[in-house]
Each structure stands twice: as C-alpha cells, then as structure tokens.
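Here TrEMBL flags 102-135, 144-187, 188-229, 374-405, 446-472, 485-526, 527-568, 569-600 as repeat 'WD'. The annotation domain 'U3 small nucleolar RNA-associated protein 13 C-terminal' is assigned in TrEMBL to 622-732.
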Amino acid sequence: MAKSNLQFKTNYAVSSTIEPFYKGGKVQISKDEKFIFCTCGTRVNVLQIVTGKIVHSIEQDDQEDITSFALSLDDEILVTASKALLLKQWDWKQAQCTRSWRAIHNVPIASMTFDPTATLLATGGCDGTIKLWDVVKQYCTHNLKGSSGVVHLVEFHPDISLLQLFSSASDCGIRMWDLRSSQCLCVLQSHYSPVTSLAFTPDGASMVSSGRDKICTVWDLKSRTARRTVPVYEAVESVVLLPEDEDFSEIGVKTKEIHFITAGSKGVLRVWDASSARCVFAQTLPSPPSAGDPRSLTYCLPLPSSLRLATVTAEHNILLYQLPSFTTQQQFVGFNDEVLDVKFLGKGDTHIVVATNSSQLKVFDLATSSCKILYGHTDTVLSLDVFKKGSLFVSCAKDKSVRVWRQDPDSGQVSCVAQGCSHANAVGSITCSSSDPGGPQWMHDVNSVAVSPNDKLLVSGSQDRLAKLWSLGAPGADLALLGVFRGHRRGVWCVQFSPMDQVLASSSADGSVKLWSLHDFSCLKTFEGHDASVLKLIFVSRGTQLLTSGSDGLVKLWTIKTNECVKTLDAHQDKVWGLHATRKDDRVVTASADSNITVWTDVTEVEQAEEQAKQEDQILKKQELSNLLHEKKYLKALGLAISLDQPHTVLKVIKAIRQGEDGAKQLEKTVLKLRQDQKESMLRYCAVWNTNARSCLDAQAVIQVMLTHLSPEELLQYQGARAHLEGLIPYTGEVGEGIKPLMPEKVSADCVC
C-alpha cells in the first residue's frame, strides 16, 4: 500500500462552517446596512452581509427563547425580550449585557421598537398592553391599555414631535396613540385579519398597512381615514414604500404617486400604484411555484442607502435584491434542517452543493456563504455526486427521478440540463463515472453505489449486509454480477473503490469498515473504532488512508497500512451523513443531521513545520544551556532548563552548581533568585528526584534552601506544595540525609503533617 514520496495526513482543522443562524421570528437590518440581526432560539445572531459570517451572537444566560428584540436607529442599543419576562439591554458589539429589568408584562412580549431618537422603547405584550420605556433614564413612562389580544405590531410615527404610536392586535384594528395624554386618538378600521406591517411616507402624512386579508390600505393620517383600499390577491406579510426620489420607470413606475412593494404568500415581490390600485411590476421566479412550495415571504426590509431590498422566506432564507432591477445579489440560508449529502463543486472546488431534508438543492459559495437554491425535485433529495471536472453534478430523490445539473464556470449560475424518471420507487443512491460524463449510475433499495476508476466495475452496498461487485457493459446493457463481499453483521451504508489499488472499502451499521480484495472477494483488513453506524467513507492520500464518518457525530482518519486511527475529528452533534474531499485532496467537507456543514483543511504540513521549528528551537536552547553552564551563568542556565520543562536537564544544572566552587552557597543564591513559578517547578521536580538514590541528595539540597528561606505561608501558596512536601516523607528513612532534619519544626508541622 505504501506509495513513494507520499506524506500521510495526521490532522485536519476547521477552516469554515455553515451553521444555523435563523429559525424564524424577527429580522432587522442595521442602519449602516452592514449587519442582519435575527433570532435563533435563545440567541440573537448578527450576520455580516459582506462575508456571510456570524460576527456576534447575543445569548440569553437564562437559556429562555427570545420572543422579540429591537435595535435602535443609531445602531448602538440592542434590547431583547425572553420568555422569562426579562428585558435586557446589550452592547451587542461586545456581546455584553449592560442592564436587565423586569418587563412588567404578565405574559411574554410579542413586539418591540425604538423611536427615531433611540430614547423611547415600546413593547407590545401578549396581554394586550403596551408599555413605553425611557432607556436613558431607565423607567417605564407609559402603560397603554385597550388592545384586544396579542399586540403583535408597534410602530412610532416618523415625526417624533407628534409623539404618536401606532399598534395593532388580534382585533385587526390599527390604534393611534397620543403619548402626551396616553390616550387612543382613534382606531383605523379596514382589515378583517391581523395587520402585518405599516409603512409611512417620508412626510408622515400617509401610511400603508398590509394584512393577511389580501388587501393593502392607504391611510390619510391627517384626516385619519382610508384613502384607498388595494386588493393584492395574496396574504401580505410585509409592505415597503418605493423611494420617491429614484427612477423606477423600468419597472412600470410612471408617476410620483405612492408606490409600494408587497411580499406574501405567493413568494414574489410586486410593485403597486396606490392611486390606481394596479400592479405595475411582478417579480419572475427562476422556476414556477409547485404544490407545497415553501417560497412564501415573511418579511420585506428596505436598505435605502444602497437601494436594495431584503426578503425573508418561510424556509428561513434571507435574500438581498438590487433595485430597480430586482436581481438577486446574495442569499443566506438561515436553517438547513438535516443535511443528507454534500459535495465540492466548481473548477477550483470553490462551492459546495448540499442536499437537505427538502426537495431543494443548495449551492454555497464558500468565500461568502451566499447560496443559490435549485428547484426541480418534488420530494426529498437523497444523494449527490459530481463528475470529475467539477461543473456537472447529479442528484436523485424520493420523487423517483434523477437530475443532471450544470454550473456555469463564469457566472456560477446552475441549471438543470437533463432528467430521468423511469424508476418505480425512490432513488436512494447515485454515482458518476470517473472519466468523461457517460451517464450516472443509480439504484434504489440500495444504500450506496460506486464506479471503479476505469469505469468497468460497479459496487453496491445494501441493507442485506452485503456488498456486490458488478460488471458494467455497454450503455443500456444489464449489469453482470461478478461476486459478493460477505462479512458485515448489519447493513452496508457506503462503498468506495480505491483510486490506486485493486481493493474496495465498505462501511456498515455494525460500526466497522472493511477493506476487500477485488480478486478473490476476501476481507483484507477491518477497522474498528466508531461506536455506532459508519455512514460514509472516502479514500485520501492517494488511497493509503481512509476518512470515515458515523452516526456518533465523529469523523476518523485511518492509515490503511497500520490499521491505526490517526485522528478523530469532533465537530458535529448528530449523524454525519455527508463526507467529501476536494480533487487536490487538501480539504474535506462534512455535513450532519445537526444542520451544520464544516469545511476542514489538511494541516499536516503546517503542524510538521511547527514541530520542526519547535525542535530546532529546543536544539538552540540546549546549546545555549551548554554555553551558560560552561560560562558558569547558573541562574540563566537554571531558568532556561526549567522553561524547557526537562527535569533531567534541570538536575544536571543543579549537580553542576553543587560540584562547583562553594557549591552550597552558589545553589542557595541561585534558587532564591528564581521566580515563583520556577520555584513551583523545582519543588515538583524535587518530589520525584527524592525517590531515586542517585538524585535524592540534590533534591534535599534544594528543599533545604526553600524550607530555610521561605515561610510556611509562602510555600503553601505554591501550586501543589502540600502534596509535593508530603511526597518527600516516605523516603526520609531511605536516604543518608533525611528530609525531616532539614525542615524547621513549624514548617514540618504546618506544611507536611
């Protein structure tokens, strides 16, 4: 198995992760348009838009889910509300809680928002009350009652001089509150279902409201009447006004009247003319919606400075669009659910394609974490594989179909180029030929299939505990069974051919990995180390090593020649279904049922270089130590020997000092000049030296110096001092100069007995 000039891998390190950061709830974008704030259980995650990475994570220490949060308009203050009925104010850039207080609400807070000055905070509770807080002076200023049911929406009027607050609850009305008198000025009635969002014109004279009753209403706030009701024919979750000072003629905006964008159950953004109640633009989806399509929108957020728009889908995806073209700029996946398979993709393995517990495929750009979602399958995608050149890949699913996809190397766009629908059942596994695309091979009721490097053989692994070898004939011809590999005690999860040798590997639910001969179908080696099913395996290091992943959440690196598990990688909390290496063999990606995708980099050469540098440094220090001893610079020599943490070298220095001129005095002078941490090390070494007749006298000489010149209180401050001193007692009778006669009586009593 050994290959010439081949370096075995010894370790991988995590280089990047794609992890869940949003599982539903509120989303807010910072005013500088650099960060997206979103809830994820007990945390508020802060996503940096440029990199797609989580840069801050604000977590409740009480481990209670966050029900709502609000970021002030100056991006300085973040306030969160949890099920524990606590409000917490955060310095979010440092992830530090600066203040917490009881919310006074009797039930959890459902909504909250800051006023334009970032001094007033409004909270709407599930108890039908609204409370206002002065976050500067830190007290409750208002308690507004009268709403019916959960107050799920609170918004300040943009003109703070008016001191008005708008709210909506389960009664479907929009209440206008005067904060000077704490009275409800009026209830705007138009909707027959809960109001989902409010959008104010820049002058504050008009407002647009949306609801799930499939209408939007334009309000005149001066007369407090409905100016126009616009039927939009879908349940609307969010409404955003188009900027008045921009040119949107290319999407049908011809006048300066109010135009607004709706986002809702149809999953498309549409632009409406408020004056004519007409839709002037409708977004075109990359593929038409199908039954059960999860593309409905839950939020729509403006980014006015960059003229962009952010939407949030029901499947927890966040998309950024450029206006006025409505072209997709970035897409972030908030929650992947269970990840079933993953493969590197692209000319330089710059992307990964991921199959999750859904009918959509996701293609991630590893540099930015931006994602493209591929629609086509109508049921859960079960398996993926990539052709050798990296731009063509295949998928199979429970919908009984297989699809071939191509990624454009320049634009990165992915499209479906072929489809096969001849199966009678779900297609569970798929593999590509090793040479030019001659067509993928697939099977159902089989856990894994693989094609040999020369494209002449196919191996399958199944729940019947067997792996079978087949001969691949001409395209369209039936497979010919060549032999059966028997030995696993439970179902076979994965099979792979070696890229170099006439062997194949299989992994099983019995927790083992086996290596088989293609000549006589015998088992050559068995690798055992996983405590549960081994779900995936791949060959690395030109076929001399294996990487395996299991349902125990672990990934293991094996050297085939020695049967040794070289390294265990632990980064997942659930089954690791996906495992794939780049064509350069320098990176690995793993994907798990815990929704995490982890990219690992081979750090073998880096660690070996660090080890070599460390050894060279040790050699230089040893040479320096020799020079110091020769020059009789004992203090520096002793300090250097202790820093190397080599007790034998330290003992050598002690002996050299004692054997020199006036050794006892020189030893005393040297030991007393050591730092406390160095004296702690000396005490630890002496406890060991005293057990050996060859070094006990040197140990006692050092102990005598320390016990004579250091007080008991000072000695007891040393780490492990009591244990080390007690360890000296049993050997007192075995040495010529016992330790007890050297110890002052009170030190012996206080420190040892």
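Using the three backbone atoms N, Cα and C, a Cβ is placed for every residue, glycine included.
Through the fold, the repeat 'WD' (527-568) approaches residues 1-3, 6-12, 490, 493-494, 496, 498-501, 505-515, 574-581, 585, 588, 590, 592, 594, 600 of its own chain, all at least 6 residues removed from its boundaries and within a Cβ separation under 8 Å. Averaged over the repeat 'WD' (102-135), the predicted model has a pLDDT of 94. Break the repeat 'WD' (446-472) down by DSSP state and the numbers are 0 helix, 14 strand, 13 coil. For the repeat 'WD' (188-229), the number of residues in each DSSP class (helix H, G, I; strand E, B; coil) is 0 helix, 24 strand, 18 coil.
Residue counts for the repeat 'WD' (569-600) under DSSP (helix as H, G, I; strand as E, B; rest coil) come to 0 helix, 18 strand, 14 coil.
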